[in-house]
Amino acid sequence: MNFFRGVMGGQAAGPQPSGAETIHKLCDRVASSTLLEDRRDAVRALKSLSKKYRMEVGTQAMDHLINILQTDRSDSEILGYALDTLYNIICNDEEEEQDESEDAVTPLPVSGKHKNVSMPDENSQKQADDLGAQFTEMFIQDPEHVTLLLALLEEFDFHVRWPAVKLLTALLKNQGVQLQGVILVSPMGVSRLMDLLGDSREVIRNDGLLLLQQLTKSNAAIQKIVAFENAFERLLDIITEEGSSDGGIVVEDCLLLLLNLLKNNSSNQNFFKEGSYIQRMKPWFEVSDDNSGWSAQKVTNLHLMLQLVRVMVSPVNSPGATASCQKSMYQCGLLQQLCTILMATGVPADILTETINTVSEVIRGSQVNQDYFASVNAPSNPPRPAIVVLLMSMVNERQPFVLRCAVLYCFQCFLYKNQKGQGEIVATLLPSTIDANSISAGQLLCGGLFSADSLSNWCAAVALAHALQDNLTQKEQLLRVQLATSLGKPPVSLLQQCTNILSQGSKVQTRVGLLMLLCTWISNCPIAVTHFLHNQENVPFLTAQISENLGEDERLVQGLCALLLGICIYYNDNSLENYTKEKLKQLIEKRIGKENFVEKLGFITKHELYSRAAQKPQPVFPSPEQMLFDHEFTKLVKELEGVITKAVHKSSEEEKKEEEVKKTLEQHDNIVTQYKELIREQDAQIQELKEQVASMSSQNEVMQTTVTQQLSQIQQHKDQYNILKLKLGKDNQSQSNGQGDVSQVNGLQTEELTQLREEVEELRKQHTLLQTLLGDKDTLIDTLRSEASQAAEVSAGGSENEELLKELEALRSQVQSQSAEINQLSTERQELLRRAEAGSSDVVPSTDSTIDAAKMAELESRLSAQTTEKERLKEETKTLSESRADLEQQLASATSTVAILQTEKTKLQTEVQESKKEQDDLLMLLADQDQKIHSLKLRLKGLGETVEDEDDLDARDQTDDDDEEDEDED
């Protein structure tokens, strides 16, 4: 332990060893000690020396430290010391020295950001960077070392996991590309790093964000893997937890990582959009009414958030992806929220500038978003359109330069592919729409175009040129604009006023802006060229400017003048006799020279600022003096430079030949166009006929199906009718049997019954004959007749019942009279019995008693006979009553059967009528179908198509059948 006390700063006698010697001894101790405690103390000593003796520790101890990481995985303390030592020798950041004691716990910083305390001079910093890169290269020579670090990230112990994260971050800073390749091929390498975002210890999570920032730089493959590891969800959750724009530096780190993942990565951008993460960005921009006291961190966060929106709608993205993101931003209300910030008060200037740029790209090329932006009003009294308020800032020379550039970019994006907006801007300049009581966009542009500030001149000229971009109608409309220059003088046109300012020799920036406006205005517009050439001073001015030998600053003006004169030649319709194409070319040849003219024309593209402006649409300039070229104008120059050069070099004969060739080609093109139109019409007609044929075929199939269905329904109706007919026949037979019995009861003759049956048989024969002749209709008529005969029979049965009832009543009256007589005789018998009993007391019978006895016997015989007759009549009455009940029941049954038959008859008649109507309709449809098919065949024959008639098909089928029969016979 005395050795370690000497190393750690203890007092020892004798000369002190040098740093290299001490480090060498410590390395030997690490390599040779068998006790873990000795190795731990040696590694801790190396850690304390690694900052002061970085070179020595790195060259002598790196292999031993890596060996410690491999062999002593069970001791987290020695792993932490080894990782910290490696970090100190690899990291290039200058940090404060941290006092550590033998048993002290390492203090935890609040954030993962590491700030430089002292600023070393340039040479020492460069040496430190080189040293860190060399040690990093030594470390990653073996990819297993990186894999070992990734495995250590799975250790939950803070003293292992946090140093491992810092060491990986330092390695990525020094040798990012090589380390990215190793991590990319390492199994689960990116997934282990993504797990750091879920660590509950903020220090590790925050340093994990820094690590992922370094890992995702300029590597699309790793960016995709990180994105599909649910990085967007996790990062947005962290931003929300930390307070969004009001959060601290952690929010900034998350936003930087999001920018790395999304910038120039179309796959991740599409994943971000499809995952509905754009909607989660809206709450970031909810700014309160009290916008005072913005902290520097909030400004930084909001600036990054705006950049994140711009990444999604950047003009360099594919048009389809940009349009989709623009649509989503409008639908979720993000654009509306940005416009609220745009019109709010108290917003810092740099945030306002970035917001204007963001709104510009959100509305660029999107008609819906552009229309919404046109409807936004500033909260002023009276309310003014946001476009007008922004243009007021653009032409105000007291506003910051970057803000004016942002407003110009916003106006350009508003007019990009927006002919409706272009028309509205130009309309504010026309005499019929000028409102003297309000400030319009056109008035602001004219004011800026002719103000004393050259930057306002340039911005207004470029803005007005964008109102004319690719819009021939507005170019012609702008020729109507008249300006009142001063009192007492007639108004002059806007075109004339621009040329007047050019001739006055103003600042270069002003003249460049006006020349760009004129070139855009008259290009591809022969009427504007004629108006420009009509002023006799314009052509001499241009030739004078081009022919002079001026300084470097005037070269760009000369090139633009050459371009303007070349446009006058190329788009000249020869309507002015003095300035035809040929005369202008002769003028160039005499006054300037063709070669000199082409050389001056090339000054534009050779200018140092031309290529910078051609790179991207946003006007970004280091200083106002370098604001000379517009992005859209560079496209126009690229398009016209070659054709103007050819037009100037062509002779009159070549031009005449070319014009003749053009006319011939135009004629050929017209002929070809006519034939193409004819072919298109014929194709359209053929397609229409084919569609009609297909429609007719489908209709025919439907009709055939309908006919089949109708036929099946008719067959069903026939079957039902036959069943009903059979049922009716059985009922008629049963009724005939019942009626025969009634006839026998009532004494009807058999001849009458036979006659009725013969009549029914005759009717059936007639029914059969009519069914053969007329079908279903006659069948129904026969049915009705048979039903009528049945009704007649039922009515006959009813009359017979009435006769039976009368006879029954007569019998009842007879029974009653006989009952009365029986009662009388019974009374007399009782009287006689009483008398006999009274006379039985006499001894000698008399003659009277003999007579009475004989009379009594007679009465008793009569009484017995009457009683017998009474019982017989009662039985007969009972039988007749039962017969009457049966007849009444048969009558009711016959009546209900007649009602049912009448209902069935009505139903069958209705169904027959409907079937006949449907058959008639089908026949009409089939006739129309045949007529249409016949007309279509005629039309197809007229068009030259081969159409086979049904007769031909029948004849061919017959021929085929005959051939088959011949072959069978052979």
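Using N, Cα and C of the backbone, Cβ positions are placed for all residues, glycine too.
Worth saying up front: this structure is predicted, and the values here are computed from it rather than measured.
Applying DSSP to the repeat 'ARM' (60-97) sorts its residues as follows: 27 helix, 0 strand, 11 coil. Marked as repeat 'ARM' by TrEMBL: 60-97.
Annotation source TrEMBL lists region 'Disordered' at 95-127 (among others).
Residues or ranges marked as domain 'Vesicle tethering protein Uso1/P115-like head' by TrEMBL: 368-648.
Long-range contacts of the coiled coil (672-706) within the same chain: residues 922, 925-926, 929, 932-933, 936, 939-940, 943, each at least 6 residues beyond the stretch ends and with a Cβ under 8 Å from a Cβ of the stretch. Look at TrEMBL and you will find 672-706 (among others) tagged as coiled coil.
Marked as coiled coil by TrEMBL: 746-773 (among others). Confidence for the coiled coil (746-773), expressed as mean pLDDT, is 55.
The region 'Disordered' feature in TrEMBL is assigned to 865-884 (among others).
Here TrEMBL flags 942-970 (among others) as region 'Disordered'.
Per TrEMBL, compositional bias 'Acidic residues' is recorded for 946-970.
When the region 'Disordered' (865-884) is classified with DSSP, helix, strand and coil residues number 20 helix, 0 strand, 0 coil.
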